[in-house]
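Here the structure is laid out as C-alpha cells; the discussion comes afterwards.
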C-alpha cells in the first residue's frame, strides 16, 4: 500500500500544473530560439548569395547589424532601463577585457557571413560541428580546460566526421571553408576569453548588456575594413538603393536572436541551447536540401552523422560532469548543515549544564 501511495504521489508531482507549465515554457523558449536562429541564417544567406538577393557585402551587413544592436541596446539600457549594468565595469576593465572580445566577435561575424557567399547553408552547419573541438583545444591551450586523452579522442572523432562531410561536399570551395574555419576559431577564442577576462572576475553579462558593451566595439572594428574594402565597391555599384525593409527586418531578427539566447539560457541552461543547436542544424540541412535545393550527398550525411554522434557524446559527458558537481556541492552543504547542527546542539548542551550547576 505504501509503495502504491508513493507511486501515486510521484505521478501527481510529475504531472502537476506547475511542472507542466515549466516543461511547456522550456519547449517554447527552445522553439523561439530555433526559429530566430534559423531565420537569421537563412535571411543572411538570402541577402549575401549572388544567385538570390545578390548583395555580397558581408562587412556592410555585419556593420548594419552592429549599428542596429548598439542603438536598441542603448535605448533598453540607458533610456528605458530594462536591465542593470554591472557596477564593476570600469574603463580600464572595458579596454583590457571587452575590447579584445569585441575584436574577436567582429572577426567571427565577418568571416562567417562571408562564408555564405561561397558555401551552402547545409555545409556551413556541418563545419560548425567543429566548434566543441575548437573551444576545447583553445581552452587547453589557455589552461582553462584540463587535457584528457578520452576527450581528445572524442574531438578527433568529430573532426574526422567533418572531414568526411567535406570530402563528400558537391560544391566544395576552399576559400569558403577557410573563411568558416576562421570564424569557428575566432568564436571559440572569444568564448574562452569571456571565461578568462570576464567570468573569472565575477562579471556576468547577459546578451542585452553584452550587446551594449560589445556591439559598439564591433562596429568600430568593422568600420576600418569596411572603408578600405567594401565602401569603394558600394560607390561603384550605382544601381544599389538601401532597402530599409530588407535590412531593417534582418537587423531586427539578429537583435531578437540575442534576446532569445537570454531567454533560453536564463530560463533553462547553456547545455539546453547546445542540444537545441543540434536540432536546428539538422532542420537547416533539411531546409537547405528541400527548399534552397542545395546538393546534400550521402557522404555528407554520413560524415556529419559521425560528427553529430561525437558532439552528442560530448554534451552527454558535460551534463554528467555538471550533475556530479551539483551532487558534490549538495553533499557538502548537507555536511556543513550537519556540522552546524552538531555545534549548535553542543553549545545548547553546554549552556544547560552550566545552568544546572549554577542552580545546584
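From the backbone N, Cα and C atoms, a Cβ is placed for every residue, glycine too.
Those TrEMBL annotations? Automatic predictions, nothing curated.
Feature annotations, reproduced from TrEMBL:
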| type | residues | note |
| --- | --- | --- |
| COMPBIAS | 345-360 | compositional bias 'Basic and acidic residues' |
| DOMAIN | 28-315 | domain 'Sugar phosphate transporter' |
| REGION | 325-360 | region 'Disordered' |
| TRANSMEM | 24-43 | transmembrane segment |
| TRANSMEM | 55-81 | transmembrane segment |
| TRANSMEM | 93-111 | transmembrane segment |
| TRANSMEM | 117-139 | transmembrane segment |
| TRANSMEM | 151-168 | transmembrane segment |
| TRANSMEM | 174-198 | transmembrane segment |
| TRANSMEM | 210-229 | transmembrane segment |
| TRANSMEM | 244-264 | transmembrane segment |
| TRANSMEM | 271-292 | transmembrane segment |
| TRANSMEM | 298-315 | transmembrane segment |
Where else in the chain does the transmembrane segment (55-81) make close Cβ contacts, counting only residues six or more beyond its ends and a cut-off under 8 Å?
44, 47-49, 106, 109-110, 113-114, 116-117, 208-209, 211-212, 215-216, 218-219, 222-223, 225-226, 229-230, 233-234, 240, 247-248, 250-252, 254-255, 258
State the residues, same chain only, that lie 6 or more residues beyond the ends of the transmembrane segment (93-111) and have a CB under 8 A from a CB inside it; answer 'none' if no residue qualifies.
58-59, 62, 65-66, 179-180, 182-183, 186-187, 189-190, 193-194, 197-198, 201, 203, 213-214, 217-218, 221-222, 225
So if I exclude everything within five residues of the ends of the transmembrane segment (244-264), which remaining residues of that chain have a CB under 8 angstroms from its CBs? That is, six or more out.
29-30, 32-33, 36-37, 39-40, 43-44, 47, 53, 61, 64-65, 67-69, 72, 206-208, 210-211, 272-273, 276
So if I exclude everything within five residues of the ends of the transmembrane segment (117-139), which remaining residues of that chain have a CB under 8 angstroms from its CBs? That is, six or more out.
41-42, 45, 48-50, 56, 58, 145, 151-152, 155, 158-159, 161-162, 165-166, 169, 171, 173, 175-177, 179-181, 184-185, 187-189, 191-192, 281, 284-285, 287-289, 292, 294-296, 300, 303-304, 307-308, 310-311, 314
State the non-local partners of the transmembrane segment (151-168) in its own chain: residues 6+ outside its ends, Cβ under 8 Å from one of its Cβ atoms.
123, 126-127, 129-130, 132-133, 136-137, 177, 297-311, 313-314, 317
